[in-house]
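Enquirer: Dumping the structure here so I can ask a few things about it.
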Amino acid sequence: LTGVLDDCLCDIESIDDFNTFKIFPKIQKLQERDYFRYYKVNLKRPCPFWADDGHCSIKDCHVEPCPESKIPVGIKAGSANKYSKAANNSKELEDCEQANKLGAVNSTLSNQSKEAFIDWARYDDSQDHFCELDDERSPDAQYVDLLLNPERYTGYKGPSAWRVWNSIYEENCFKPRSVYRPLNPLAPSRGESFYTWLEGLCLEKRVFYKLISGLHASINLHLCANYLLEETWGKPRWGPNVKEFTRRFDPIETKGEGPRRLKNLYFLYLIELRALSKVAPYFERSVVDLYTGNGHEDAESKALLLDIFRDTKSFHMHFDEKSMFAGDKKGAKSLKEEFRLHFKNISRIMDCVGCDKCRLWGKLQTQGLGTALKILFSEKEIQNLPENSPSKGFQLTRQEIVALVNAFGR
């Protein structure tokens with residue numbers, strides 16, 4: 001993939017160079033630190049849009065003989081959990097068991113970690129938050145160690161997974177009903193007319209579509225890069241699946257669609273990079289602490305984060321978000337609100353993902369992108385922050401900070 005990206009003056013080679021040598025090694029280190037590796041998430045929220053379609057996932061199997069619902073959600077991946085002999089005769093149950101082992105969210109945490117979280121919550125509650133995320137207070141919300149639960153291909157596919165993406169594109173991207181979305185594998189071939197139509201959209205709506213397409217490409221790439229290649233003697237071997245990658249991104253196999261998807265991934269990177277450079281003043285204040293209770297580690301984490309911000313500011317080809325929502329005030333305001341509501345809806349669709357691990361990473365990356373957009377639309381508030389007191393105008397919760405860094409890391 002080479003050349004300049006649409007809607008911005010940046011070329012792919014510059015992004016690759018900047019990311020490989022400056023950003024990626026530091027972001028990787030940051031993600032390993034306690035503040036950023038634990039994410040609080042509610043994986044039990046019901047899908048608000050359709051009845052659960054019975055895909056076997058860690059939470060419940062929906063196959064009668066499979067007593068999955070009685071197993072604690074915190075079941076460890078790969079535990080020797082066998083069903084009765086009669087049940088094992090069913091092919092569906094074998095699939096169920098396989099999905100359970102691969103898709104299980106490892107929620108084991110040390111007692112030390114648990115005590116630290118109570119401390120963090122107290123500290124978080126003492127901050128003057130801009131908004132309270134409903135998940136935080138739910139008894140179903142739990143801390144998950146992201147390092148123990150890497151994003152990878154778990155066998156979750158088919159109609160259930162397709163329906164989630166279809167709902168995201170069809171109902172949340174701005175478009176007339178007559179236009180087929182480009183990633184619908186069941187839609188008739190649509191040729192170039194789709195892109196002619198897309199180019200005719202205003203910049204904001206085009207950007208929205210590209211961000212969602214970029215997020216989709218990003219998630220698909222992670223699944224291809226960390227794929228279950230074989231399972232011998234109960235030991236799974238994960239690694240890159242080149243065949244799967246070409247199926248999703250090769251220009252010939254995708255009729256020219258693959259490179260467009262990858263370009264949208266670069267576009268998503270630029271948007272999140274821009275958000276990081278814009279939010280730096282929020283974290284540069286002494287009143288903001290990446291609090292875990294370990295003073296030495298907290299100081300190191302903050303120093304590393306500020307170092308990354310310095311790098312993001314040095315990048316010379318940022319996306320110019322001032323070109324967005326720059327029309328008449330009233331129109332810009334209503335479009336921004338529409339953007340926000342569309343995005344909120346997409347984050348709710350993530351509760352319809354049938355595999356817990358996919359749901360975890362889907363929620364995290366959606367929230368990360370949502371936080372990036374929140375930052376880009378709050379520039380004035382960030383510039384006017386008081387140095388030594390919690391701000392009224394702009395606030396980020398620990399949830400949002402963790403999601404932003406990890407989504408960008410992905």
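Residue numbering: from 1, along the chain as shown.
Placement of Cβ uses the backbone N, Cα and C atoms for every residue, glycine included.
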Enquirer: So, in TrEMBL, which cysteine from Cys224, Cys358 is disulfide-paired with Cys355?
Expert: Cys358
Enquirer: Work out how many Å separate Cys358 (active site) and Thr154 (FAD binding site) at their Cα atoms, rounded off.
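Expert: With the alpha carbons as reference points, the distance is 8 Å.
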Enquirer: Name the residues of the same chain, 6+ apart in sequence, whose Cβ is under 8 Å from the Cβ of Arg152 (FAD binding site)?
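Expert: The answer is His222, Leu223, Asn226, Tyr227, Leu228, Trp238, Lys357.
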Enquirer: At the Cα level, what's the spacing in Å between Arg248 (FAD binding site) and Cys355 (active site), rounded?
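Expert: Just about 21 Å between their Cα atoms.
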Enquirer: Between the Cα atoms of Trp165 (FAD binding site) and Cys355 (active site), what distance do you get, rounded to the nearest Å?
Expert: 14
